[in-house]
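Novice: The structure follows.
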Amino acid sequence: MPRPRPLLLAVMAATLADIILAADPAPAGPAPRPPNFLLIMADDLGIGDLGCYGNKTLRTPHLDRLAREGVKLTQHLAAAPLCTPSRAAFLTGRYPPRSGMAAHGRVGVYLFTASSGGLPPSEVTMARLLKGRGYATALIGKWHLGLSCRGATDFCHHPLRHGFDRFLGVPTTNLRDCRPGAGTVFGPALRVFAAGPLAALGASLAAMAAARWAGLARVPGWALAGTAAAMLAVGGPRSASCLGFRPANCFLMDDLAVAQRPTDYGGLTRRLADEAALFLRRNRARPFLLFLSFLHVHTAHFADPGFAGRSLHGAYGDSVEEMDWGVGRVLAALDELGLARETLVYFTSDHGAHVEELGPRGERMGGSNGVFRGGKGNNWEGGVRVPCLVRWPRELSPGRVVAEPTSLMDVFPTVARLAGAELPGDRVIDGRDLMPLLRGDAQRSEHEFLFHYCNAYLQAVRWHNGSAVWKAFYFTPNFAPAGANGCFSTHVCLCAGPAHVTAHDPPLLFDLTRDPGERRPLTPEAEPRHREVLDAIDAAARAHRARLRPAPDQLAPRHLMWKPWLQLWGGGGAGGGAGAQDDSGHAHGDGSHAHDDPGHAQDRGDDDAHYGGHATTRTQATPR
């Protein structure tokens, strides 16, 4: 038998080795640690307010740094042009009507802490999903999604019931009425929302009383008493709330306790930024989700002495620049702790700038939406197109720009997938994973259609087909005065009623690729595909509505009104019983979160020159 040749033996050995290696591959290296998440949201910030989006006069160096080091999105869209529904959609990845967080009436946000509406406990937030994956979770800043349902301390809508381990912030929002000398929103609100019903009830009461006194008709006493009670129900709570609004509604909570009443705006931005840095420090050894929700730049405007009067845009500009400082302070904490590479940082605004905000002398107190029409409260691009910056050094190339349509709702599935959490299978999730676009693996958004709601009413639909982005309006707000860029007579545009909106049949159609400012509606004569585009959009709208399950209206008048038995006083958490627990049943209230970590000095950095180098004293939580 001939002996095998050496070359043949070598080939056979190599082949056998390949087979063995293919059948039993070498063990892979350890899987990368799931990222941390720092999600930052401004309030009422316009896309035209940041240097990285073209502003040349406001100083936003820390946000501009995020843009350079990460990805900038230029067609990022709020799911609603108002605070409450937009934030509900952000945390759940769902259009606001799916959770009942879209009003059928005129008022679309919570004004009182003692209202019974809020984000339903049945909704699944990103915090709840990530908490189930072992993440530490915190919300610092503004909530605005309700507090309690039936009693002042049941806290059914509280952040701790929605997956957050830690909450330091305001349960509702920042309003002019919260800061002495900043004016009021209730004068216009009473005029717009209560004047008509009160006038009608008053006229009825006067007519019945006159008829009874003159003997012209037999008017029972219960009719007079009932009408008077109705007047009290309409005007009384609002008037009482106006008189005592600040102590009742403007307070800072530390978990379940009232930590400060009324809110002290001095050093508030520093306090929130320091609390965020402290949370990072305490949880640097485990994955975390931190939602930093600034009160800036909603009125009432505020800024510490180091920022007040420094900007070229008055109190509004001062607020923007102080907020940017706060962002920088938290980014510096990530750097100091060596966490920047492993942390996905996301920055946005809940909706566009409030263009109707004016000062006592008529000066502009709101922000800039750049070239875009409209603003907060309506679905023109200025109301829903918001800044968006995403940085994750481990995964994302710096300096990229994504111009595709994306949504605040996309953060929910993106965060869930990266954390290894399973999306809930018993409900529709409207958001889409952003990572293929952010990495550059995909060039097209997964959103073919996006639906723009004004409260519970579908106002417009966006269609991204091919290279075009079409937008069709079923109704548009009536700007007042005529020719203005907002609804100055009502302080914000309303969503229904012939005096406030104009219906369009056929819908008003724009091509945002050619006309991003929505100045030139298309006609059948100018656009050959006019009918084809509208037919496709109408079909998508019908299919979308067919998938909407009715949900209890959390912004119905009965849930919006002030209810004295829900008013939270004192420490709030004392004797809370079952109410003093988070969504997993863990009790809170030992006050341990209220103290600075004594083992770590808080480096102040060069930016503290704005504050004169003084540390801020943190108010302890009221004992519970």
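Heads up, the Cβ atoms here are built off N, Cα and C, so glycines get one too.
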Novice: Among Cys83, Cys250, Cys454, which residue does Swiss-Prot annotate as binding Ca(2+) together with Asp43, Asp44, Asp350, His351?
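Specialist: Record source Swiss-Prot; matching candidate: Cys83.
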Novice: Checking feature assignment: transmembrane segment per Swiss-Prot, candidates 221-242, 287-308. Which range matches?
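Specialist: Range annotated as transmembrane segment by Swiss-Prot: 221-242.
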Novice: Which of these, Cys388, Cys487, shares a disulfide with Cys493 in Swiss-Prot?
Specialist: Cys487
Novice: What count of other C-beta atoms do you get within 10 angstroms of the C-beta of Asp43 (Ca(2+) binding site), across all chains shown?
Specialist: 25
Novice: Within 10 Å of the Cβ of Cys156 (disulfide bond), how many other Cβ atoms can you find? Include all protein chains, please.
Specialist: 17
Novice: Counting only residues 6+ apart in the same chain, whose Cβ is under 8 Å from the Cβ of Asn55 (N-linked glycosylation site)?
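Specialist: Gly48, Asp49, Ser368 - these are the non-local Cβ neighbours of Asn55 (N-linked glycosylation site), listed in sequence order.
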Novice: Just how many other Cβ atoms lie inside 10 Å of the Cβ on Cys250 (disulfide bond)?
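Specialist: Other Cβ atoms found within 10 Å: 23.
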Novice: Under 8 Å Cβ to Cβ from Cys149 (disulfide bond), same chain, six or more residues apart: give me those in sequence order, or none if nothing qualifies.
Specialist: Ser116, Gly118, Cys156, His157
Novice: Other than Asp43, Asp44, Cys83, Asp350, His351 themselves, what residues in this chain have Cβ atoms within 8 Å of the centroid of the Ca(2+) site's Cβ atoms?
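Specialist: Here the non-site neighbours turn out to be Met41, Ala42, Leu45, Leu82, Ser86, Arg87, His298, Ser349, Lys376.
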Novice: Give, as a single whole number between 0 and 100, the mean pLDDT over the topological domain 'Lumenal' (24-192).
Specialist: 93
